[in-house]
Amino acid sequence: MKQLQEKILTEGKVLSESVLKVDSFLNHQIDPALMQAIGEEFASRFADEGITKILTIESSGIAPAVMAGLVLGVPVVFARKRKSLTLVDDLYTASVHSFTKNETNDISVSKAFIGSEDVVLVMDDFLANGQAALGLVDIVEQADAALSGIGIVIEKGFQTGGNLLRGRGIRVESLAIVSSLEHGKVEFLEEEMVR
Ligand code: G4P
């Protein structure tokens, strides 16, 4: 998605050879117009899938997921990473290990919001090693729901998540795929290369 690539090139900051900072439009401040375009793009890619629900994870997955949900006309559920006062029983839970942060967290979704009748689009802001996405897929499986695919805003193509998920036969649609952050420079892989 050209508009997203342009935004990454103008506002993204390369923090290291593996970390891209996009706090000005996705991870801290949010650009609503860009989020709307992102939502429309996901909605058009998954238009024929009969999606009934979008599942994402707090916090940065929520903005693009809500915009996709608005266009597709379906509710958006976000997995919680922390215990909540009101989220107490009847939960699906999955363990998610972050290699980046070297910690494992349980994520939870209420059984009230995803069931066997659902066709689910999983979404997240970043795909690095794929552990968050796998945790969400695990929850879709626990619910006996159908997985339509995974929508990612920015995939780091040089990390393992994309291959891991596509290797399982899952349809992964990433709107920008970063192939390298070497020498402080962002390079993209064209999406056709990973299909
Ligand atoms: P994985 O799920 O693909 O295995 O990712 P990983 O554990 O490596 O990432 C942990 C967190 O860091 C996730 O957000 C992920 O979205 C984010 N992240 C990973 N690589 C980058 C990067 O290059 N740039 C940015 N900006 N974020 C990255 P989180 O901690 O859950 O944060 P949030 O969703 O609450 O914002």
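Using the three backbone atoms N, Cα and C, a Cβ is placed for every residue, glycine included.
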Recorded xanthine site member, picked from ASN27, ASN105, that accompanies LEU20, LYS156 in TrEMBL: ASN27
Spatial neighbour of GLY130 (5-phospho-alpha-D-ribose 1-diphosphate binding site) that is closest, considering only the binding-site residues LEU20, ASN27, LYS156 and their CA atoms: LYS156
Inter-residue Cα distance where the pair is ALA128 (5-phospho-alpha-D-ribose 1-diphosphate binding site) and LYS156 (xanthine binding site), in Å: 6
Pairwise Cα distance maximum in Å, xanthine-binding residues per record: LEU20, ASN27, LYS156: 15
ASN27 (xanthine binding site): tally of other CB atoms within 10 A of its CB: 16
